[in-house]
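Quick look at what Swiss-Prot annotates:
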type     : residues : note
TRANSMEM : 7-27     : transmembrane segment
TRANSMEM : 29-49    : transmembrane segment
TRANSMEM : 68-88    : transmembrane segment
TRANSMEM : 124-144  : transmembrane segment
TRANSMEM : 156-176  : transmembrane segment
TRANSMEM : 196-216  : transmembrane segment
TRANSMEM : 266-286  : transmembrane segment
TRANSMEM : 291-311  : transmembrane segment
TRANSMEM : 326-346  : transmembrane segment
TRANSMEM : 358-378  : transmembrane segment
TRANSMEM : 379-399  : transmembrane segment
TRANSMEM : 412-432  : transmembrane segment
Amino acid sequence: MRLSKEFIGLGIITASLIFGSSLPDIYKGIVILIVAGCLWFFELLPLPVTSLAIPIMAVFLGIFNLKEALTYFAHPIIFLFLGGFMLAQALKNHNLDKFIAYKLLNYGKDFKTTCFLMFLSAYFLSMWISNTSATLILLPIALGLLHKKTGKLRDFLLLGVAYSASIGGIATIIGSPPNAIASSYLDYGFFSWFKVGFPISLLLFLICTLTLYIYFKKWIPKEDIAIQARMELSRNAYKLLVIFVLIASLWIISDYLSEIFNVQYFDSVIAIFAIILLFVFNLVEVNDFKKIDWGTLILFGGALCLGGVIVKSGANTFLSEKLIAILGNLTPIVLLFLVVTITIILTNFISNTGLTGIIVPILFGVSLGIPKEILILAVGMSASCSFILPVGTPPNAIVYSEGVKKEEMMKIGMILSILSAAVITLYSILYL
């Protein structure tokens, strides 16, 4: 009888508990790291389920007690994401996300300009809502603009939307879970991340757009075309717009507010305040909590817990020493480029949240002639650069399902991956 992959995953977890119980703590941490990495990579269990298995393994192997293990699932940054998800749900409920996209697209004069504005819409929306939602919002508009056209033009427009949505997530701490994982090790707030994340995301967005235009130049029509879409906002939508601007403004100055009120993770306080405001003004309902992406929050908590396991068991120090022995002779810029490149390659095969949760704790304990802050920020930013495969990220999968050729995605994706690795490396060395 053929075993299902879920039973194989369960068997691996059980075996790790049986054979790992007699090992020293360092090796217990490495066992949990390997098991979690394998389960995430091969998706033997759903990603959130693997994340829930991490604290259980940590408890049974004696690294944490249950209270310590589950604390990571109530980390303040989890609540920052919860607030961001609820704000995104409110935008969806009242069509404010579509309104923002349509407003931008109305400025298009010809096909080229309209496409750029569509990419810009995906980039901007992805700072505040998931890259999946940003792609799905713009997909019907993009398909309508194509008028059943196929081939290179379809690849150009749809890949531009998908890649822009992924890159936009780098800009803010709530844009992508890897940002928050990296921030949790650096005690970064919303504005601290925005200061470093927005410039590199904007640069990558412009490079991505330029690369797509150059690659597909001869297939882009020159005829005039414009989207004249009108949307009327409801009274509640205007209320939401005010709250959205207020919360975004508070997040931007959250580091200063944290100092004034002497409260750590003040951006998480703002996120909780945002949820309360949304309910007070009847912009969301209790049922909207059911629509939140709880799987991502659990995955995020599991990644944080894995990081805690690696640090407490001493596995990060052990692995760091091995890393130094292998890479210690490389120059800092070559080493940084190598770390960024490996992250970008792996993020095409494994969840970027899980990947960041594995790499960051190891780098946190290493000394390779590069400040830890630069290494961790570079990994956090690189984890969102998944351009090569349809399975790499939901936006890639969405546009692939709409007819984008895998060969074109791989060609453009490889070019963008190389450019992204070089740009992030130089940015990290020169700017950070």
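Don't overthink the numbers, they just go from 1 along the chain as shown.
The backbone N, Cα and C atoms fix where each Cβ goes, glycine too.
Since we're looking at a predicted model, the values are computed, not measured.
A contact between the transmembrane segment (379-399) and the transmembrane segment (29-49) is absent, since fewer than 3 of their C-beta pairs, 6 or more residues apart, lie under 8 Å. In this chain, the transmembrane segment (326-346) lies in contact with the transmembrane segment (412-432); the count of Cβ pairs under 8 Å, excluding pairs fewer than 6 apart in sequence, is at least 3.
The transmembrane segment (124-144) makes contact with the transmembrane segment (68-88), as judged by at least three Cβ pairs under 8 Å among residues 6 or more apart in sequence.
Counting Cβ pairs closer than 8 Å and at least 6 residues apart in sequence, the transmembrane segment (358-378) and the transmembrane segment (291-311) reach three or more and so form a contact. The recorded stretches the transmembrane segment (68-88) and the transmembrane segment (326-346) do not share 3+ CB pairs below 8 A when only pairs 6 or more apart in sequence are counted, and are therefore not in contact. Remote same-chain residues near the transmembrane segment (291-311) are listed as 29, 32-33, 36, 46-48, 50-55, 58, 63-64, 68-69, 72-75, 77-78, 81-82, 85-86, 89, 130, 177, 180-181, 184-185, 319, 351, 353-354, 356-358, 360-362, 364-365 (criterion: CB distance under 8 Å, separation of at least six residues from the stretch ends). A Cβ distance under 8 Å defines the sequence-distant neighbours of the transmembrane segment (29-49), meaning residues of its chain 6+ beyond its ends; these are 5-6, 8-10, 12-13, 16, 19-20, 23, 57-58, 61, 63, 294-296, 298-299, 302, 306, 309-310, 312-316, 318-319, 349-351, 353-355, 358.
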